[in-house]
Amino acid sequence: MSLQKTPPTRVFVELVPWADRSRENNLASGRETLPGLRHPLSSTQAQTATREVQVSGTSEVSAGPDRAQVVVRVSSTKEAAAEAKKSVCRRLDYITQSLQQQGVQAENITVTKDFRRVENAYHMEAEVCITFTEFGKMQNICNFLVEKLDSSVVISPPQFYHTPGSVENLRRQACLVAVENAWRKAQEVCNLVGQTLGKPLLIKEEETKEWEGQIDDHQSSRLSSSLTVQQKIKSATIHAASKVFITFEVKGKEKRKKHL
């Protein structure tokens, strides 16, 4: 007796990610089950389904201060008002002329004067506030004034700071570098699995952080008078960090057309 042939059957299986598979199977403890089977997507659904890769990117950038301010104080106390004024103005003119000869622009020099009576004498004091963008030039000018002027002229330690525009540029740079790092990561992932990276579908900056210097406030206030110029520049350096999350479209490898 001949055996009756079984009619051919077709089985459609879709590989399901482990997370989906575990949800569908509801695995019981101590018992193994077969991977879940799902109905295949229709050709229309397969074409419209968007494949994507989600990556995060981080960055940390820093920038030193772009401005420094130095204050030069000149004072004189005399019994005669004219003598006090003459003493201060003579040294004040010498300071401003020296600054201009060294290439300091007039808009970066601010002069204030104060004249008052002190008991039976007259006291005059003048301040020259100088803003520098070149720190090497600042040090040369300060050294020159210390050498040429007497002890009645007091030169304050430089105060370093950032202009608002430079801080905003640093924030943008941190975000852009984080986006670039995320794009490179997604590009390498797609190359590894034989796919082509598509356009970004979502770009989100999740976290930003800024901090200044590497010396804590207590230590900085205690040592501010003894810090060197380079240490002050380092403590005034601003750091910015950014973290972004990006979703990219994933395309299949494009097949090269064979030309007949």
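Numbers here mean position along the shown chain, with the first residue as 1.
Every residue gets a Cβ built from N, Cα and C, even glycine.
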Candidate ranges 30-50, 219-239; Swiss-Prot annotation region 'Disordered' resolves to 30-50
What range among 9-29, 72-92, 114-134, 240-260 does Swiss-Prot record as region 'Required for nuclear localization (NLS)'?
240-260
How many Å separate the Cα atoms of SER56 (phosphoserine) and THR247 (phosphothreonine)?
9
How many other Cβ atoms are found within 10 Å of the Cβ atom of SER242 (phosphoserine), counting all protein chains shown?
25
Keeping only the modified residues of SER235, THR237, SER242, THR247 whose C-alpha lies within 10 A of that of SER62 (phosphoserine) yields THR237
SER235 (phosphoserine): secondary structure state under DSSP, collapsed to three categories
helix
